[in-house]
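J.: So that we are looking at the same thing, I have put the structure below in C-alpha cells.
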Amino acid sequence: MEVTAHYIGGKPFVGDTGESFATLNPATGEVLAHIEQADERVLAHAIESAKLGFSVWSSMSAAERSRCLLKAAQLIRDHNDELAELEVRDTGKPIQEASVVDIATGADVIEYFAGLVNGLGGEQQSLGSNQFFYTRREPLGICAGIGAWNYPIQIAMWKAAPALAAGNAMIFKPSEETPLSALKLAELFTQAGVPDGVFNVVQGDYRVGQMLTAHPEIAKVSFTGESGTGKKVMADSAATLKPVTMELGGKSPLIIFDDADLDDAVSAAMVANFYTQGEVCTHGTRVYVQRAMYDAFVEQLKERTEKLIVGDPMNMETQIGSLISKSHLEKVLGAISSAKESGATLLTGGFQVTERGLEKGCFVAPTVFVDCRDEMPHVQNEIFGPVMSVLVFDDEDEVIARANNTQYGLAAGVFTQNLSKAHRVIHQLQAGICWINTWGNSPAEMPVGGYKLSGIGRENGQETLLHYTQTKSVFVELGAFDSPYA
C-alpha cells in the first residue's frame, strides 16, 4: 500500500523519513492507509513553507482573506458526503452524525470568522492638539494546531478558521489515529485560493507535537486532547513564551430537577453520554437526578437505551458506532469492570458487542450505572466511552457542591422548568460551557472552553479571533519633539 504523507506548500509532500504507521478503520480493522511519520527535516520544510505563505497571506486585505475562506467553506459543504464518509471510516462514528454535524459545523465556523475578520481593527485616541495614538491588530505568525481523534476535521477547521482569518499561517498535526481528513481539508483550502504554505499538515505521533510546541518559530499553539498531555504542551510552549489555547478533558455534570420534562431530560442524558459512542470531551457523564424523579427517570432511561442501534457506522440506521481502537476498547471495558467492583449497579449494557458481523470492531453497548456515589472511580475519572453514571440528589445546594467536586470544569447542564433556579444554579457551577434545558449545542458564535484542568482559552466566538492577533501601539507626535536635553 502506498504511503500517504503530509501536505506542505500547497501540495502533498513525502519526506522519505523511513518511518510510517498504519491508520485503521476501527469498525472493521481494515488498514486505510500507511502514513509517514514526520521528522525534523519535514518540520523544517513545513516551517519554511509557512513563512512564505504567511508573508503573502498577511499582506492581503481582510476582505481578500475573507473571500478565500468563504470559498473554502462552500467547497467543504460541496464535499460533505465524501468528507463524512472519510471521517466515519477513520473514526468509527455513525454516518448519521458525521453527515450532518462534523463537516457542516466546521464550515459554519470558517464562515463565521471569514465574516468577523472584516471588522477586526484597532482604536485611535486623541491626546491633545498635536498628539494621538492608534493601535493595530497584527497576526502572530505561524501557529500550530494539534488535533484530537474524536472530531478530526471539525477540530482542524475550528483551529484553522480564526488563525487564517487573522492573517496567520498554520501547521496542523492531526491525531495519528485519524490522519486522513485534514489532508483533504488542506486540498480544499488550496482550491479555494488560500496561498501555498498557509495551511500545512504534518503527520505523526507525540514526537511531532513536541517538536511543534518547542519550536521557536511557532508563535502560538492550539491543542485539543486530554489534560495530562495538555500540561506537557503548556510546559514545552513556556520555554519560548508562546501563548496556548487548550481544550482538554471533562467529567461534566448534568443536573435534572424534579420539575423538568421527563422525556426531554432522558433524551438529553442519552445525547450527553452516547453521542459519538461517548467519545466527546463535553459529555455529561455524571447525571444527577432529584429523588422525586429518580425512579421514573431510570425506568425510561433503561427502556430507551436498550433500543439504541449498535452497528456498522456506514449504515444510516446505526446510532452507536465503534470506539477508536482496540486499546481504547480495553480501557473502556476496564472502567466498566471497575464500576461493578466499586458497588455500582449495572442497569443496562456493560459488554462488547460482537454479533451481526461486529466482531472485528471496537463496539460497546450503551452502558448505564445506577446506585453510584461521587467517590467511585468511574464517577470521578474520564472514561471517553458510552458509560453513564446516574446519581440521586435531594436539594439544590447539595447538588451544586457535588457537581463542582471535580478537577475538571469543561461543561455542565441544568434541566428545570424554573428559569430562576436554572440561572441561579448555572451561575454557581464551575464550568466554561453550560446549557439550560438542552445539551451539546455549540454554535460558531459561542466561545467554548473549560475551567480548572479542562483547559485554557476559548475556541469560537469573537474573543478567539483576538487571541490570534497581537496589539501594536503607535504614538504620533504632530508638533516639534520636546526634548529634556539642551
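Cβ coordinates are placed from backbone N, Cα and C, and glycine is handled just like the others.
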J.: Just to be sure I read the record right: Gly147, Ala148, Trp149, Lys173, Pro174, Ser175, Glu176, Glu226, Ser227, Gly228, Thr229, Gly249, Cys281 are listed as binding NAD(+) in Swiss-Prot. Which of Glu36, Glu40, Glu48, Glu382 is listed for the same site?
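T.: Record source Swiss-Prot; matching candidate: Glu382.
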J.: List every residue in the same chain as Gly455 (K(+) 2 binding site), at least 6 positions away in sequence, whose Cβ is under 8 Å from its Cβ.
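T.: Correct list: Gly230, Thr245, Met246, Glu247, Leu248, Leu410, Gly432, Gly449.
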J.: According to DSSP, collapsed to three classes, what secondary structure does Asp90 (K(+) 1 binding site) have?
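T.: The three-state answer is helix.
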J.: Inside 10 Å of the Cβ of Ser227 (NAD(+) binding site), count up the other Cβ atoms and send me the figure.
T.: 20
J.: Roughly how many Å separate the Cα of Gly147 (NAD(+) binding site) from that of Lys159 (active site, charge relay system), to the nearest whole number?
T.: 9
J.: Would you mind ranking the recorded positions Glu176, Glu459 by how many other Cβ atoms sit within 10 Å of each Cβ and giving me the lowest?
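T.: So among Glu176, Glu459, the recorded positions given, the one with the fewest Cβ atoms within 10 Å is Glu176.
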J.: Per 10 Å Cβ neighbour count, which of the recorded positions Lys159, Lys452 ranks highest?
T.: Lys159
